[in-house]
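A.B. asks: From TrEMBL, for reference:
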- 45, 46, 47, 117, 156, 157: L-glutamine binding site (BINDING)
- 90: active site, nucleophile (ACT_SITE)
- 201: active site, charge relay system (ACT_SITE)
- 203: active site, charge relay system (ACT_SITE)
């Protein structure tokens, strides 16, 4: 069972992709919901809003008290530490990152990357970029043509990965801000053990389900 955190954001779109792949999913709003799942998706939305909903009321910036995690935040942390696969898209990437430079976000620190919120611009700056997926030997796709086809990555107020920790595999890059002698591009899809983080929204291009299929492959490892 794939869980999709359903506190805020585009969780329905993720569930629709899994349904198209004939994989059962459920919305996760409580600890009990999470306990029924073997993998979890943290969708896009607002990382500050997701944080507030996962923290105990009356804690955090502006309250005079430090954030105090609520039961579901603690359960997700334990879920991650147990080694179960977790995918975070856009705001979900921020929630998984080790740092984002915003005290209003209480991330899980599970993916050793640094991110900058909204670094690709505002809502009006949204764009789609055809990117290469670099799954390599981990690719679940048997056809070489499918491996090499570009993926339509949709960026909406997207976070930028600005730093990579040791052991993080970069599986896709954006060339949007290449300048000078730069050749590699900015990481936009990264994996570390059981964690998959994306700057973009793969669920908004359901006709190309390769990233969701790759995540399902992680559940079988």
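For all residues, glycine too, the Cβ spot is worked out from N, Cα and C.
Curation plays no part in TrEMBL annotations; they are all automatic predictions.
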A.B. asks: Taking just the CA atoms, what is the gap between residue 47 (L-glutamine binding site) and the residue listed as 'active site, nucleophile' in Å?
C.D. replies: 9
A.B. asks: To test your reading of the L-glutamine site: which residues beyond 45, 46, 47, 117, 156, 157, same chain only, put their Cβ within 8 Å of the Cβ centroid of those residues?
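C.D. replies: So the additional residues around the site are 44, 90, 91, 94, 118, 158, 159.
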A.B. asks: These are the binding-site residues: 45, 47, 157. Which one scores highest on other Cβ atoms within 10 Å?
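C.D. replies: When each Cβ's neighbours within 10 Å are tallied, 47 leads.
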A.B. asks: By the DSSP assignment reduced to helix, strand and coil, which category contains residue 203 (active site, charge relay system)?
C.D. replies: helix
A.B. asks: Compute the C-alpha separation of residue 117 (L-glutamine binding site) from the residue listed as 'active site, nucleophile', stating it in Å without decimals.
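C.D. replies: Rounded to a whole number, the Cα-Cα distance is 9 Å.
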A.B. asks: Take the C-alpha atoms of residue 201 (active site, charge relay system) and residue 45 (L-glutamine binding site) and report the distance between them in angstrom, rounded.
C.D. replies: 10
A.B. asks: Could you tally the C-beta atoms, other than its own, that fall within 10 angstroms of the C-beta of residue 117 (L-glutamine binding site)?
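C.D. replies: 21, counting other Cβ atoms within 10 Å of residue 117 (L-glutamine binding site).
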A.B. asks: Around residue 201 (active site, charge relay system), how many other C-beta atoms are within 10 angstroms of its C-beta?
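C.D. replies: I get 24 for this one.
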A.B. asks: Which has the fewest other Cβ atoms within 10 Å: 90, 156, the recorded positions listed?
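C.D. replies: Comparing Cβ neighbours within 10 Å for the recorded positions 90, 156, 156 has the fewest.
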A.B. asks: What's the CA-CA gap between residue 203 (active site, charge relay system) and residue 90 (active site, nucleophile) in angstrom, rounded?
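C.D. replies: That comes out at 11 Å between the alpha carbons.
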A.B. asks: Once the DSSP letters are reduced so that anything not helix or strand counts as coil, what is residue 45 (L-glutamine binding site)?
C.D. replies: coil
A.B. asks: Compute the C-alpha separation of residue 90 (active site, nucleophile) from residue 157 (L-glutamine binding site), stating it in Å without decimals.
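C.D. replies: Roughly 8 Å, rounded to the nearest whole number.
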